[in-house]
Amino acid sequence: MNRVEQDGLKIDAGLHRFLVEEAMPGTGVDPERFFSAFSDLIHDLGPKNRALLVKRDELQAKLDGWYRDHGAPVDMDAYEAFLKEIGYLLPEGSDFSVSTANVDPEIATIAGPQLVVPVMNARYALNAANARWGSLYDALYGTDAIPDAEGAERGKGYNPKRGGRVIAWARDFLDASAPLSSGRWIDATSLAIEGAALTVTLANGAKTALAMPAQFAGYSGNAAAPSEIVLRKNGLHVAIVLDPTTPIGKADAAGIADIILESAITTIMDCEDSVAAVDAEDKVLVYRNWLGLMKGDLEEQVAKGTTTFIRRLNPDRIYTASGGDKLTLPGRSLMLVRNVGHLMTNPAILDREGKEVPEGLMDAMVTALIALHDIGRNGRRANSRSGSMYVVKPKMHGPEEVAFACETFTRVEAALGLPANAMKMGIMDEERRTTVNLKECIRAARERVVFINTGFLDRTGDEIHTSMEAGAMIRKGDMKQAAWISAYENWNVDVGLECGLSGHAQIGKGMWAMPDLMAAMLEQKIAHPKAGANTAWVPSPTAATLHATHYHRINVSEIQNGLRSRSRAKLADILSVPVAARPNWTEEEIQRELDNNAQGILGYVVRWVDHGIGCSKVPDINNVGLMEDRATLRISAQHMANWLHHGIVSEAQIVETMKRMAAVVDAQNAGDPNYQPMASRFDESIAFQAALDLVLKGREQPNGYTEPVLHRRRLELKTKQRAA
C-alpha cells in the first residue's frame, strides 16, 4: 500500500488523493490546516478512545465474575448495588431538557418512516434519498398488502381486478386521512380549485369539500383542471395525481392516476452495520458516495430489462399553495450519516506510532468535511436547510462514551470552521450500559442530540454477551416476549420525553426485517407510532410508503403528550436477565434453534466475506427473506456461543450443523454465478471459517461484536485475491 506521510499520519495514497482532489475543493478548507488538525485529533483523542475500550473489558470481566458466583440475579437490590459499585450503573442527575438548536422539521416535528441504507451502494443510496415520495398504488399493487386471492393475483401484465382493490384501499385511506364533508372519495368524479379551496364533485352531481379545509395545501396545473392536488395530515403530504391520459387515470371516474405519499422523511446513510468497509479502498467508496449526496451530483446507471437510464437525486416539488403563493416541498429524504462506533480501527491511516487509527475519529473528520458542501460557508443547503449535519453514533456504552463523541465533534467543528454544535448526534440506544444510563447519556449530548433509537437487534446481542456467564439464554424467538425488552422499549420513550426530546429530536423504533411481508407490517408496525415513536425503521422505499399511512392514522405528538404522565418503565425489569428457568428443550427444539441460527449466520457471512456485501436479504429456515446485517449476526452468533458455553450443545454439534446448513445456503445461492460454494471446501472457504470463528470464539469477542472477525477474514480474502 502506497502512503502519503503528512503531519505524523501515514495516509493511504488513494484516500489522500480523494480528500485533496475531490472532497476539499469547494469547501474553503486548506489541505495543510486540515491534515494538521486531523493529526491532532488522532493523536489527542486516540488514547482516550483506547482507554474507553479497556474500560469496557474491565467491566465485562467484573460482570463475568459476579455471574459465575451468583448466576442470574434473583435479589435485584443486591444486583443493582453491585452494578453501582463497579461503575456500571451511574447516579442519575437532576431533571433537564435538551437545548438542541437549528434542527430541521423532518427531525424536530414531522413524524414518519426512516430508511437505513448502505452508503457504499450508490443505487441504494439514491433510491433511499428519492424515497421521500412514493406511489401508494405501486406499493399496494406490488406487495402482499393486497391479497392475491380471488382473481387478484399479481402477474406479468396489469390485473384490473387487483388494480380495483388497490384503488379501493387507497380511497379508504383518503377517507380516513382527509375526509370529505359529505360523500366518500371512491365516489369522486372531478376535482377542482375554486377560490382557495378544493371542490370535489361526486357521482350524484353534488359538490363537496374537505371536512377540514385547512388540509388542502396546494396544487399544480390549471385550477379548473389541476394535474396534482396536495393534501396535508399530521405534517405529511399526499399528492393526488390527475391524468386521464394514462390507463389508470382513464379508467378512473375522477381521472386519478396515482396517489403519491410523502414517505421516507429521513434516511440514515450508513457507514457502519450495513456496509463491509475494511480498508482504504472501501472507505473511499463510502466517502465518495456521501460526497455525491452532499454535492447533489451522485448518479448511477441502472439497467431495467433491455433499457438503461441514469438515476439522480430528485428535485424539489413545486406547487401553487392554497393561498396562491409558491409551495416548495422537499424532493428528497433528509439525510443523516451513521459513522462507525468506538471499537474498530482501519488500516487506511496509521498514526505516528504506526498504529491503525480509530475508524470513528476518521469517519467524524471526513464525513464532516464532506458535509461542508451542504452546510459550510459555500454550502448548498439542499439537505439541511437549518445548517446542521446529522451524525448517528452507534454502539456507545454509557455517558462517558457519549461525552467522548461530543468532544470529537467539538474538535472537528473547530478544525473545519463549523459553528459550535452544528454536528448533531443521534444516540443508538443499543447497548445495555447506555440503556440503564440513558438519561445521563442524553445529558452528555444535550446540545447536540437529535435522535434516540431502540436498536433491539444489537441490544439483544449485548444482552446475551453481557450476561454470558449467568446461564443458558432462552430461545432467540422468545426474546421479544422477555420482560427486559418491553421495559427497554418503554424506558427509551419515557426517558426521551422526560428529557424534552419532543419537538427537538426523534424517538425511534427498530427495523421491520421482513421486506416481503408488507401485509403483516401494515398490521403490526402501527404499534411504533402508538408507542410514542415519531420514527421507525423500514427496509425499503416501498415499506416506507406503506408505513407512512400509519402516521396519518396516528398523531404521534398527541400520543407523546399522553405518555408524559406515565410512570417510567422499571429498571429492575430492564436488568432482568433472560436465562432459561428450566432449559429442558427437546433435542429437536435444540437442533432447530441451531439450524436457524447457523443458516442466518452463514447466509450473511458468505456475502460479507466473499463479496463485501454488508446488508443482505437472507432466506431463513422457513424460506422467509429476512434483512440481515451485523446486528442480526451478533444475536445469532452470541446465542450459539452461549448455548455452547453452558453445555446445551457441543462443539461437534455446532460444526456438524454449520456444515449441513452451508449446503442449504449454497443451494439458495445457486443462481448467483459469482457465488463460491462452502460445502465442497470447508477448510478453504474463508467465509465458512469466519462463521465458525464467530460462534466458537464468540465469548472472547469484545462485547460480542462481529466486526473484528469479519474485518480480519475479509482482509484475508482480499489479500488472497490480489496475490492470485
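Including glycine, each Cβ sits where the backbone N, Cα and C put it.
Among the candidates Pro529, Pro539, Pro578, the residue that Swiss-Prot names alongside Val116, Arg123, Tyr124, Ser274, Arg311 for the acetyl-CoA site is Pro539.
Going through Glu299, Glu300, Glu430, Glu489 against Swiss-Prot, the one listed in the glyoxylate site together with Arg338, Gly455, Phe456, Leu457, Asp458 turns out to be Glu430. Checking Cα-Cα distances from Cys615 (cysteine sulfenic acid (-SOH)) against the recorded positions (Ser274, Arg338, Phe456, Asp629) with a 10 Å cut-off leaves Ser274, Asp629, in sequence order. For the pair Phe456 (glyoxylate binding site) and Val116 (acetyl-CoA binding site), the Cα-Cα distance reads 15 Å.
In the shown protein chains, 21 other C-beta atoms lie within 10 A of the C-beta of Tyr124 (acetyl-CoA binding site).
Comparing the recorded positions Val116, Leu457, Cys615 on other C-beta atoms within 10 angstroms of each C-beta gives the minimum for Leu457.
One residue stands out among the binding-site residues Arg123, Arg311, Arg338 for having the most other Cβ atoms within 10 Å of its Cβ: Arg338. For Tyr124 (acetyl-CoA binding site) paired with Asp458 (glyoxylate binding site), the C-alpha to C-alpha distance reads 23 Å.
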